[in-house]
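Below: one structure, written as structure tokens.
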């Protein structure tokens, strides 16, 4: 097929304009192919809706009396279900195709201005009809009731073409293009600038209203090329130079018969004559072939139309102009998911190619059948008939075309009108005129009953207005004729609650019956079964979804979420270990949650601080779990990001959990008081979570051995109805000798608990609180003995011999180490340094693992060295000792004290600051730091702040209160000192208070004397 495009279709004046038109047509074709495949998903996109379901997550365990109490925060399981998004205008496609339409119009105007008289007037008539379809006057420039703008544009463009055709025939084609480019561009700029509509709305108006003209132009082009595939097959059959290599008549009939049989089956499917699903040649692929062959065919049959126009100076460019408009019309139908119009073009292609193709085959057989049989090169003379003229192809083909249309009740026309109304509905929806949009969508549904575009657009408007039942009704009606996976998904999602569980399940089941490999349907069905849960069914649909190789990370994340929510730990771990680190935040979040449960390191993507201004569920949970698992560093940047989100109204749904994250980050930054303050403030404002938060604070205080403060918080949590708080309260009371009666009373109540574990612990605590040392010694339980030692470490009624006797009877190796450590701690508490050191010398060689026991033993060893002023030994020991957890902060305290005593003032100040920031509750560290800053470096206000922070954190330490009162006097805060004296009176005996008051008054007098007002 030797098409001499460049030699015949172009001369010096038209070469580059022609090439640009070819390029424009190819752009339209490529865009049409692109939107054929993805247009539906751009207009009605799949949306993945993430939901976070809270679960209890044990993040730590507090050890008290050999019992582990879990510290629980919320963890979040992320699930993702598919939703069909709201329809949206495809503005990229609209602007692209309007530009192509404008270029096509410019070329058409320039081209017809070169036509001969009859062809020119026929083209001018078509131009005027096309321009009327734009409905320029509805742009609101001169008022919608007048036609001034339309008349002006027709006069300007039509008049210019007439002048060029009649009087300025010497103007070259290039200059004609330039003139019309300026005119069309000027009209466009005027419309965009003067119209009260937005630029995007003007674009949609021009493109959507003119779509009627585009459909007619596409019809003309499809009519033009309708028999070109038969023509191409004739060339293929008879083009060889060697006659022996040409095909005969029967081969030609066979290949043409197959082609036409495919068209007949396509027609039968359109006419609903059969419903068998068989693979047929796509109608748009048929048009693509005929469009490429048609350019060559138009050149070959120039003699047919040479009295009207030539190929070189008319038909070639006119062909490309119509081809470009056809491709953009088809492409835009797919780009906007206008299924009614897409079916219109399918009908037109099939009907015209079948009707005119069949008649053209008959024309060939009648005129040239014998020649084909003789294997002559018939394609060269196919438009020089000897029996029946060529125009009979059009006459008889048109008759057959009308017959085909009549057989389908002219449904193609109705579909075209429906598609046009869909465009108008889209335009008015873009202008927020929902009433008009609904009107046009309804009209579309009348012409083609409940086409998907109109039905879904109407249901979307109902969705926005929250007309739930109307939306359901519309979706159900649409699915009766045109099943669509997005409609099934949307309908199923209208039944989110358990009350309509079966409606949801059956909607998805029906969708899967029609679209068995659709991933969103499979995923959502799996989630439905997961919510029951039906493990086998959920697994089956998840596996089916994964097998489609789409959205694999989403499906895997959902499957992992299902295992997490169903308590299927083994399956969850097995699935997690199969995963490589992928960039999918919901999956990463679920993997981190599993990691939190199992304490096993899993492969996940590297997490960074979220950048979104408004947190999505996956952003929040990824951030939350990343902080919990230390995948996101707990640093100042993380704290600033949390504060930013807390200050945002859009993120208030995460307020509670962001506050918990803030407290956690502050704790890891060793801002212990700030973390406690954050939780206390939150407990005061979040009434629904107040009991949980008070219990959480109490557990941390219990871990810090601040038993009285912990008891106060547990008591409040119990009063607010938290069941677990009662047992926690009992543990705290057990360590308070002055609250023994309350502890025993509470233990008696809990002993009757229906929970066997709670009752057993209550009975054990009752025994420990009431037992004498002799009873403990003869008890067979090593656990009870160690618990007794832990409970009575600071019990001054218990002698060292009794304490040692109990410790010596412990047999279990691990428990014996704990007993010896407690014995050493007892000796340290009562400053029996030799006995303490002797006990540690026996214990330390047994501690061959770096664990909590070794860490606490090293703390005791450091304390002994410090109190006995063994500074060289302490300096050497600190460099090799193992510390973990809170004991790392105690190491800072010992380093500070060592530096202070060795005269390293700057180093001491640094270590003291680190120690008391992390441990404002540790009395020796607080008192030493306050004394250091007050006396060694004369920063009395800093000393005051240290003591104030300490009594704020733990208002139950008399020694800290005394130091605070004296320091208040020192810095001139006498009123604060008097108030603190009142609080101190609640903590000490009257005798002790009287003795301290004397010290206080002496301090006051000293202060007054220093100010020179002592004698007044």
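Every residue, even glycine, has its Cβ placed from backbone N, Cα and C.
Heads up, TrEMBL stuff is auto-annotated, nobody curated it.
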Of 247-267, 415-435, the range TrEMBL labels transmembrane segment: 247-267
Segment assigned the feature transmembrane segment in TrEMBL (from 54-74, 348-368): 348-368
Tertiary contacts of the transmembrane segment (206-227) (same chain, 6+ residues out, Cβ under 8 Å): 94, 97-98, 101, 129-130, 133-135, 138, 191, 287, 290-291, 293-294, 297-298, 319, 322-323, 325-326, 328-330, 332, 341, 344-345, 348-349, 352-353, 355-357, 359-360, 393, 397, 416, 419-420, 423-424, 426-427
Cβ contacts under 8 Å made by the transmembrane segment (118-136) with residues that lie 6+ beyond its boundaries: 108-109, 112, 149-150, 153-154, 157-158, 161-162, 165, 191, 205-206, 209-213, 216-217, 308-309, 314
Listed stretch, out of 91-112, 174-194, 316-336, 348-368, 388-406, that has the most CB pairs under 8 angstroms to the transmembrane segment (16-37): 316-336
Tertiary contacts of the transmembrane segment (279-296) (same chain, 6+ residues out, Cβ under 8 Å): 1, 3, 5, 29, 36, 221-222, 224-226, 228-229, 231-232, 262-263, 265-266, 269, 316, 319-320, 323, 326, 330, 345-346, 349-350, 353
Candidates 174-194, 247-267, 316-336, 348-368; stretch with most C-beta pairs under 8 Å toward the transmembrane segment (388-406): 348-368
Contacting positions for the transmembrane segment (174-194) when only residues 6+ beyond its ends and CB under 8 Å are counted: 13-14, 16-17, 102, 105-107, 109-110, 113-114, 136, 139, 141, 153, 156-157, 160, 164, 202, 206
